Amino acid sequence: MTALTNWVLKRKTATVLITLIVFLFGVFSLTQLKSELLPNIDLPYLTITTVYAGAAPADVLEQVSKPIEQVVGSTQHIKSVRSTSTESFSIVIAEFEFGTNLKDIQQTLNTQFRTLSLPTDLRGQTLQPTVSELSFASQPVVYMGVEALKGQTTEELGIVAREQLKPAISGLAGVSSVQITGDVLKEIRLSIKTDQLKQHGLTQSDITNALKGFNLSFPAGTVSLEQKDVSIRTTFTFGSLDDLKNLVIAPAATVTSATSAKLSDIADVVLVDAPSSSISRTNGNPGLLVQVLKTQNGNTVDVVDVVQKKVDELNQNLNGSVKISTIYEQASSIKQSIDGLVREGLLGAFFAILVIFLFLRNVRSTLVTAISIPTSIVVALLLLWTQAITLNIMTLGALAIAVGRVVDDAIVVLENIFRHVQERPNEPISVAVKTGTREVTNAITSSTLTTVAVFLPLGFVGGITGQFFLPFALTVTFALLASLVVALTVVPVFASYFINHKAVGTHDEKQDTWLQKLYTPVLRWSLKNRWKTLLIAFLLFIIGNGLVTQVPVAFIGSSGDKLLNITLSMPTGSDQVSTLAKVTELEKVLQADSRVELTESIISGKSSFTRAQAAFSGGGGDATFLLRLNKDANLDAAIKDIQNKMNPLKPQSGNIKVASLTSFSSGFSMVVQGPNEESVRKGSDMVLEKIKGISELTNLSSDVSAVVPQIVVKPNVAATAGKISTQTLGYLLSSALQPTTVTSIRFDNGTANNVVIYPPDLNGQTIDQWLESLKATPAAGNLTFGQIATFTRVEAPVKATRLGQKPTASISAALIGDNTGGVTKEVEKQLKDVQLPTGVTYTLTGVSQQQGDAFIGLIAAMGVAIAMVYIIMVIAFGSLLEPFVILFSLPLATIGAFTALFITHRALGLPAMIGLLMLIGIVVTNAIVLIDKVNQLHRDGKEKNEALIEAGRNRVRPILMTAVATILALLPLALGLSEGSIIAAELGTVVIGGLVTSTVLTLVVVPVIYSLLIGLKDRLTGRGKKSGEFEEEQKAVLSGI
């Protein structure tokens, strides 16, 4: 590295030009970086969904989920398999090891599923599972509500959304798709007139065949006419609904006793609203939910900006009849993060520069050091661009935090140059610059490499945590390496231009500065009273680390967005009408809260895919509310208050849960597993009973408690002479009970509508009346279903959940506060002595599991980081002893880190743990700078204790300068004045606290330990003096310096 410094000092003009070019490229790269909310992490999950219309959960489990589980469970790199079987749906979530090529796995599974023996659907087609990936990038970037202001119906809102909003947004650059929830479409409903149908001897199949046979375009081939090939096709269209009503339905040719009839004679034909799979409401009015997804390469901020601009134009054109409101968009969080972190980064840089000026009291020298901050940051941005890493809350937080560290190397170099110029007035500036830089090159190189090295073990942290923090680690690494190069090249060059003897002045190196006058007596006392000094340090260590038991333990905090999610679970069997009534009641309470700016309510359909997805998550319900709070609202207080307002309104046997939409720590979940469903149910009830008294857990629920009435049907083989199999009976029942979509008809007005045949309305009948009223089929001799099958009433679970191919119950609860770790410990304490049924076990999942895995991984990473730091120092010092002494500065940092968390009431979560990891690399730098100088003085012939005193006097200023500069640079972040960053405040708090105690104690404790170990080493090797001679020499040195 010294050769590099010599090279640039010989080519100063070229160095300045290269620096300017790199700086301009860095600024250019900033304009090219994509802006995202979160790092684009490839989650190692595949979702396999299968629709088995009309099937009960038990049938979905046995015939669909279990076969899929077996296939997925045998796939390479599989980590876990979880399935949920609900009415009509199977969802299997496969988790793989991080780094698995999911594209290849997805292709393999699709091939295997095509040969899997799965049942057929109502149309006779084999079920085909759909395999898809999960990714942060696939989340919508904009949620919008379309609200009726003048009494428009949902159908009219749908026309606006489909014909105006969706085409306008879909055509914008960067937009992948636009999804509309709650839209109401029209359908042509055919309600069979049973008596008239029977009178004409016709069947439902006759109606279906007629509709399909007429409503098509059929190619008849090609014929040569007039020396030209002409294609021929047959076609028929219905001009209006009346044309459809007048369609003649003829019987099958084999049924001679039947007569033809108009469609309107045997069925009521009406154009009506199709049943909605979901209902959306905005601010208590009929509305729609619109979600905008961006393309893979789209820039979130740019996409949201153009969407918002287009929405503003549409709102103006709608003239106040319909309002399109933005519920949530990611760009605001990104801009808020950028603005806040840039503001705090600049403020931190100002504080760092101010510290340099106050210590050196020289404008020219301060400007030289200040150059390192923007230069290092733009180089980091340039490297981010070359690696295709986006600007997100992790990289932005890393840049803001790096501001306080990138100046350290420059401070050490410049301070040493500055000291040379002051203390050696006859030495040429070029010599002072070269010598001053050379003396600290080894120290700053070692200290920077140790700081960078602590981030390498993040690769050992598995799961989402390692992936999530990888961009953070890379950004800090880029900035620190850039700062080292800047300190050894740019700083010396600019110092040679800006610093001179006249501007700096002179100073007698033997005359103590005010700082040395304060520090030297303390160091002398410490070396005279080494065991007392260590005892004081040990007591401080015990007290400081003891405070960690009083610090809450969390995972990752909220991003600061004022968004709430409320989940409403209705009693089992509730229909959309009763759910809508409850939603309307809750909306009135929510809208009366002055903190709530906007509410969006989504009521799930009974058989919708979204309902099944929600059920799988463990916290799904019949309705979901998205709430946007005003900017002044306190998120935690709002969650607690609104939950208290919701509790009295909970439906009987239902639940309401309020949580932050953007928090990583808002919920608690665990699973109970056993050999069979009954033992799992008992075990789940016992666990609920044990933990229901934990005050931090509210709205506890288990997914095995819900059951629905079910009728089990078995064919009567004797009555049908074996002609009706179980499968045939299922088809017959489905045809008699379920609406059947026959075809789609486009009238002359251009609108396409599905034609759906509805069975007779059986509501209000007893089961016996119902069975007697349903005729099976002529194949069964026109017997009723009551004659060809036996029917038994049972109660069946709403869903069946399995984890690792074992029956599983999911227990969930809302979590009050962020102390996830404290709640986890209390749960484990309560369940310690619980006597579960044989074979039944429980496992914490969700945030608790992720937090535990992440903490274990980070603790292991810290151990590896310490080993790597030690190895780097051994290489740098060429000794085992000095690096071992330097490591004693690490426990000194935990004193301040935990004390700072305790004082600020902040949680020990992943950001704080990353802060502790950073401290491993940061705090040793001060000790490296100190011990490196001790070794230099020792090589010059000074005794060890004399060298310790002299090195302390020499290095106290740069050590305090770098520490105070870093602390003040991080102070704006630690204060948490800006929102949008989920890591900066806790991480900054830990680093500041750790730096304060480690810096102060390093200046006294490390010299004491060094003195003790060197003395021990000398005595063990026989090179030391006798004990009495050693003590006398030490006293002479301490009193004479």
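Just so it is clear, glycine is given a Cβ too, placed from its N, Cα and C backbone atoms.
For reference, TrEMBL has these:
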TRANSMEM  341-360  transmembrane segment
TRANSMEM  367-385  transmembrane segment
TRANSMEM  391-414  transmembrane segment
TRANSMEM  448-470  transmembrane segment
TRANSMEM  476-499  transmembrane segment
TRANSMEM  534-557  transmembrane segment
TRANSMEM  854-877  transmembrane segment
TRANSMEM  884-904  transmembrane segment
TRANSMEM  910-931  transmembrane segment
TRANSMEM  959-978  transmembrane segment
TRANSMEM  990-1016  transmembrane segment
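The stretch in 391-414, 854-877, 884-904, 910-931 that contributes the largest number of Cβ pairs under 8 Å to the transmembrane segment (959-978) is 391-414. Contacts between the transmembrane segment (854-877) and the transmembrane segment (391-414): absent, as fewer than 3 C-beta pairs lie under 8 angstroms at sequence separation of six or more. Using a Cβ-Cβ cut-off under 8 Å and counting only residues 6 or more beyond its ends in the same chain, the transmembrane segment (534-557) has close neighbours at 663-665, 817-822, 824, 847, 850-851, 854, 891-892, 894-896, 898-899, 901-902, 905-911, 982-983, 986, 997, 1001, 1005, 1008-1009.
Residues 33-39, 333-334, 337-338, 341-342, 344-345, 348-349, 352-353, 356, 360, 365, 368-373, 376-377, 380-381, 384, 436-437, 440, 443-444, 447-448, 451, 468-469, 471-473, 475-476, 479-480, 482-484, 486-488, 491-492, 495, 559, 918, 922, 925, 929, 958, 961-962, 965-970, 973, 980-984, 987-988, 991 of the same chain sit 6 or more residues outside the transmembrane segment (391-414) yet have a Cβ under 8 Å from a Cβ within it.
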